[in-house]
């Protein structure tokens with residue numbers, strides 16, 4: 001419906017309350033006739049005006065560019081509500097599936113057995129060669145040179161400021177001097193304990209903290225260290241998970257040492273245990289050098305060593321719910337998951353002296369050994385890997401308030417200087433900033449699926465998504481790892497979205513997602529999926545239209561039951577449908593004119609995404625967004641002030657702001673203006689072309705594909 005301005009006669013859309021040209025208010029017949037007759041006359045007048053008005057035609061909706069449903073020959077018949085077979089799914093034709101990239105997840109133990117069989121063949125070959133030449137093993141792929149040590153020129157690369165890592169010599173264990181001297185013969189394991197781990201000159205406490213946590217679990221360590229006995233020839237094999245991929249690393253037992261005292265320059269194992277320097281060396285080889293081990297988070301170490309799905313619980317977030325966190329800790333303990341925590345390293349300012357008075361160390365990692373609910377009392381048992389310096393507050397060993405029965409049950413009498421202590425959950429929340437959880441599963445039925453996946457960069461004809469067929473209800477955890485992203489300089493933003501597949505084969509409702517972060521990996525956490533079809537889409541938004549190359553990565557899916565996966569082609573429309581579904585489900589709505597719904601999302605998004613839905617059938621929506629004043633973010637449109645004209649019954653992602661320097665905080669300010677128009681162009685919202693749909697014009701094809709409008713429904 002439309003109305004004619006009484007002042008300038010311009011035909012305006014019925015939704016407009018003032019004339020678009022002159023600003024005159026909308027006139028209606030009021031008070032002269034009975035209400036029913038007035039309404040009829042107004043409707044009649046509007047109808048007459050509508051007849052003589054040329055309605056702008058919105059662009060023709062594009063045909064769907066993809067279909068996620070499988071071919072009829074590969075999908076089993078479903079049961080409808082009556083229990084009868086429904087063959088409708090089999091009528092869908094999918095030309096995007098690549099049948100050379102289909103896979104079925106395997107159980108964790110089956111995969112481990114295959115890896116160990118492969119490792120044994122390599123091991124036997126090396127041993128045979130060394131025996132034939134009567135010499136020890138020297139690893140040609142990780143030579144005893146400065147290249148394997150790496151570049152330690154930055155001040156934060158070493159533990160002691162000003163310390164020099166140069167002129168090191170590579171020695172075998174029988175020539176290395178240790179604190180324990182000759183009291184202990186060299187061994188791979190000797191009753192491993194967290195206190196056995198000593199840090200060397202590299203700032204790799206993130207890795208050693210993870211090793212200390214796993215030292216509590218010899219059942220896990222034995223699956224990491226394949227060679228469990230001292231080998232005179234010096235051949236050792238380690239199984240680790242680097243960038244989401246399982247790898248068997250074969251190393252020799254030459255270690256970098258200081259020439260002046262022949263002591264190990266890097267990590268050392270007390271009681272002359274080799275598993276600690278061997279594990280450090282294996283990861284150095286996998287990453288390229290020892291220098292690549294500098295700086296990181298404990299959760300990265302747990303992920304590399306266990307290959308399990310990992311999660312960080314941030315205790316300092318504003319919306320952190322203590323009850324929810326407690327339930328998570330209890331259930332994780334009951335499931336046998338590996339847990340660690342960090343103290344005084346978060347956003348709150350921790351006073352080192354105050355923490356030490358209480359027996360805690362700031363910027364320090366602890367192991368979580370136990371979680372208990374004793375009546376209304378919530379307690380955690382922690383271990384300081386140093387083996388001493390423990391909590392001195394309530395529920396500590398020396399606290400006088402222990403009930404006699406609880407003290408007899410919970411306080412051991414045979415653990416002097418073990419570094420263990422009890423702490424209340426409230427004190428834990430007040431002094432610790434994060435909990436790291438590795439969901440190590442011992443059951444035979446647990447499965448994993450690991451698939452190479454390229455992310456970000458330009459849209460290409462070979463972009464991939466992953467279709468999942470869940471044959472029975474299951475819990476899954478989906479993670480995306482970046483390859484070669486040990487340091488912040490090598491990382492891009494990553495986001496994983498999991499969607500239902502609609503009956504028409506399109507991206508449907510969002511069922512789970514990861515945070516969008518500039519990290520080595522992101523994860524959805526544990527998600528319950530019902531039987532059906534799902535699609536997993538991996539995004540890296542800050543690189544679209546900017547980076548000419550894609551980033552390599554690995555999509556990892558852990559599940560309680562085996563699931564079937566197929567890689568399929570992922571056209572740009574599929575990416576933007578995924579983002580639109582995300583914003584519709586989680587976005588906040590700006591107040592605006594009737595029929596236009598602006599939504600924005602900034603929670604767990606590493607920036608902001610803004611989308612406009614125009615539900616008017618005959619009216620264009622002109623939108624102006626000004627994000628000037630934002631700090632440490634980049635714009636997907638290359639500028640902070642943009643404008644778009646969105647056709648009737650269309651939607652558009654108008655801007656994505658991305659966190660730029662991840663080590664610093666960011667700030668987003670934005671102001672949005674929306675107005676309706678019968679005209680299709682931007683008019684005065686564009687300083688270049690009043691008939692343009694977008695201002696400024698899209699800089700390249702990829703930006704245009706990301707931000708082009710599309711039908712709200714198709």
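In case you wondered, yes, glycine gets a Cβ from its N, Cα and C as well.
The region 'Disordered' annotation in TrEMBL covers 55-96.
Across all of the domain 'Calpain catalytic' (136-441), the predicted model scores a mean pLDDT of 88. Positions annotated as domain 'Calpain catalytic' by TrEMBL: 136-441.
As annotated by TrEMBL, active site applies to 205 (among others). Neighbours of residue 205 (active site), defined as other CB atoms within 10 A of its CB across all chains, total 21.
Annotation source TrEMBL lists active site at 364 (among others). Of all the Cβ atoms in the protein chains shown, 19 others lie within 10 Å of the Cβ of residue 364 (active site).
If you look up TrEMBL, you'll see 384 (among others) marked as active site. The DSSP secondary structure for residue 384 (active site) is coil. For residue 384 (active site), the number of other Cβ atoms no farther than 10 Å from its own Cβ, over all displayed protein chains, is 24.
A distance of 9 Å separates the Cα atom of residue 205 (active site) from that of residue 364 (active site).
In this structure, the CA atom of residue 364 (active site) is 9 Å away from the CA atom of residue 384 (active site). A strand conformation is recorded for residue 364 (active site) in the three-state DSSP classification.
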